[in-house]
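Per Swiss-Prot, the features are:
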- HIS584, HIS588, CYS687, HIS691: Zn(2+) binding site (BINDING)
Amino acid sequence: MQTHEIRKRFLDHFVKAGHTEVPSASVILDDPNLLFVNAGMVQFVPFFLGQRTPPYPTATSIQKCIRTPDIDEVGITTRHNTFFQMAGNFSFGDYFKRGAIELAWALLTNSLAAGGYGLDPERIWTTVYFDDDEAVRLWQEVAGLPAERIQRRGMADNYWSMGIPGPCGPSSEIYYDRGPEFGPAGGPIVSEDRYLEVWNLVFMQNERGEGTTKEDYQILGPLPRNNIDTGMGVERIALVLQDVHNVYETDLLRPVIDTVARVAARAYDVGNHEDDVRYRIIADHSRTAAILIGDGVSPGNDGRGYVLRRLLRRVIRSAKLLGIDAAIVGDLMATVRNAMGPSYPELVADFERISRIAVAEETAFNRTLASGSRLFEEVASSTKKSGATVLSGSDAFTLHDTYGFPIELTLEMAAETGLQVDEIGFRELMAEQRRRAKADAAARKHAHADLSAYRELVDAGATEFTGFDELRSQARILGIFVDGKRVPVVAHGVAGGAGEGQRVELVLDRTPLYAESGGQIADEGTISGTGSSEAARAAVTDVQKIAKTLWVHRVNVESGEFVEGDTVIAAVDPGWRRGATQGHSGTHMVHAALRQVLGPNAVQAGSLNRPGYLRFDFNWQGPLTDDQRTQVEEVTNEAVQADFEVRTFTEQLDKAKAMGAIALFGESYPDEVRVVEMGGPFSLELCGGTHVSNTAQIGPVTILGESSIGSGVRRVEAYVGLDSFRHLAKERALMAGLASSLKVPSEEVPARVANLVERLRAAEKELERVRMASARAAATNAAAGAQRIGNVRLVAQRMSGGMTAADLRSLIGDIRGKLGSEPAVVALIAEGESQTVPYAVAANPAAQDLGIRANDLVKQLAVAVEGRGGGKADLAQGSGKNPTGIDAALDAVRSEIAVIARVG
């Protein structure tokens, strides 16, 4: 049974049972605690916690999931995958344990003709949480499972959570007996290779707190209602139904392996474990990379971008270790598209962009490997010269960490040169790096806002945002927080409120102040008391959302006192809001213009909007041409001047997308969304920000620059409105000043400047020619006046004229060539206006035969001028910082030559 048929049967089974089919969410969600979506229930968390009312009592989905903590284990075993599909059914207070068990059993054991998977009931085992007697009884009643095929396990195995605070509960896992060839009998507690887990039924009934392990966390209490969250690994059930040994032999991953095998001309699964590991790494990581790029991730140096970069580099590295030097990533992306396209049509529709980004990373990494190879050769040569036979762990780590050079290639190349590698030292340094990374991640996690302080208010209901309709609202203070702790309710005049000079957080029941989100920074404004507390006034410096529902106002209390329960007036600074709306609406204009000029692959990757300024990041390979940049600016301003009406309305998510509304990769949207339309089809986006009422209010948009901020990601910055005018006025004044100084009309300034630059370069070139001619004449004179110390001819001379190290090397070559084949040494030191003193020494082969080495002599120079230097026996150089030591340095060289030449 093909995987697309397995998926269809799953969804059809639950839709027939009354479930609503919900599309997979992006693997990227707006959650600081979650790098990637790693479970099917993630998009339903607000329903489980009771934060939002689900629009359906039951649901089913097949969620894209990514887990990367065990990335180094991928390929070594066949059990680890970085990407997997989690088929699930969910109940939000509807059915519970009995319903979940009945539905799962029916799908697994019903015949193919009846829409099931047709598994043998006698080969199915289950595990349950150790004290869940109800689940044991239900498995016996519903499925007729004997007691010996129902095994009890502890919290680590059968009590499920996402690993972070949130919903949790006991679980029951379903296993399929693959037969004695895979391991001993005795059920899952004996062998999870023979007894393969295919489905996990989680009886979601509690909420957990912070914890460091699967068992070390506090149960905070019951959820508002009992829920069901199940997860069936599509790849797992596929290997059972396709009767293959592991997921890499299924129709999802085997095509990628076959593509690699054709290029490598090496067979897979013929007893070469190391090659098989590489095949599996390529298959797994290629698929994950395609999904990540498809969901809007670009290769980078941190966060999600770093994970993607690491995956692609492991693919390229593994291919090279299989003997593939040619580019292969493009072919891999095409194979993934063909295998996954029936289930994920976006991989087909967006293939050109996905492939372009992946291939660009391959090209960049190949350059890294080339430079790393050169560095390896230097390190290996240095190791051998020292007499060692082992490349240090430190060198291997530097190659890996700084230059991206894979340890496997280091090991292979070291073996080819007769060296070993201190793998233990390397692994220790890698482990230390991982420990630091985990500590940093833990610190970031715990630095995130402690939601428990706000839990009572979150549970009580959301803040009503009134800022789309008014800039001034009457509100009630629901809570006051200082340093993350709630201030007890007190009466006015009693210590415990928020008084003058304090910096506090105020939570209101309603507010017109926009909370930072969607790239738009928070509003500034004021919160003022009313009635008997009208003297109270606070300046709002920031507004943030807690749990996406609660507006937290960070304020400086300027006068009076605030107490929980007070009625206040929250007001937005009108000038601030006007500038913010100009910036945000301008961003939509620039986005639309970029897509019009570059095409639909110019996908938004981030933005920042503040009064008078916008910053827009988008996925694109390579810089914009001058013509493209001009077009973008022109299209943007034409749309602004067209005075388009800006219309906002709410719509169902699916309908909004069908209308052509742009939904940003990685964003999590509710079922009902806010749509912002500017000029009909010109710009249509899902957006929760504040905007102008017509595009003319944006004012002029001036693009300041366009640059790269990472692999495949570009950034446009622009001024809007009055800030744009001021920028243009400043540039106009600058141009007028240049025209006046150059005594030409403004339109002739560029040509005049170009002419001046050309003349300046010609003058500099002529000056350089004269300087070098003078230096060569000096070289000729120096060679003619060479000292003879014993049988060695020596030129030891200071050079004037501000010579550089490169100049000295050139002159040394000239002088040495004029001294003939007898033993000769040249030592030159440059003097000039700067304190830096460059120097160089050369010794010809005849001098080296006498034991004179340039790299030894350069050390004599270095001591006298307080510098450093190095090189080889024939040529060495360095620089110092003490010009007064030049004469002493040259004398030191003469003395050293005299000693070696044995002249008294």
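Including glycine, each Cβ sits where the backbone N, Cα and C put it.
Features per Swiss-Prot, on structure.
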residue: HIS584; record: Zn(2+) binding site; Cβ neighbours (10 Å): 27
residue: HIS588; record: Zn(2+) binding site; Cβ neighbours (10 Å): 32
residue: CYS687; record: Zn(2+) binding site; Cβ neighbours (10 Å): 26
residue: HIS691; record: Zn(2+) binding site; Cβ neighbours (10 Å): 24
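Excluding HIS584, HIS588, CYS687, HIS691, which define the Zn(2+) site, the same chain contributes GLN520, THR581, SER585, THR587, ASN609, VAL646, VAL676, MET678, GLU685, GLY689, THR690 within 8 Å (Cβ to the Cβ centroid), listed in sequence order.
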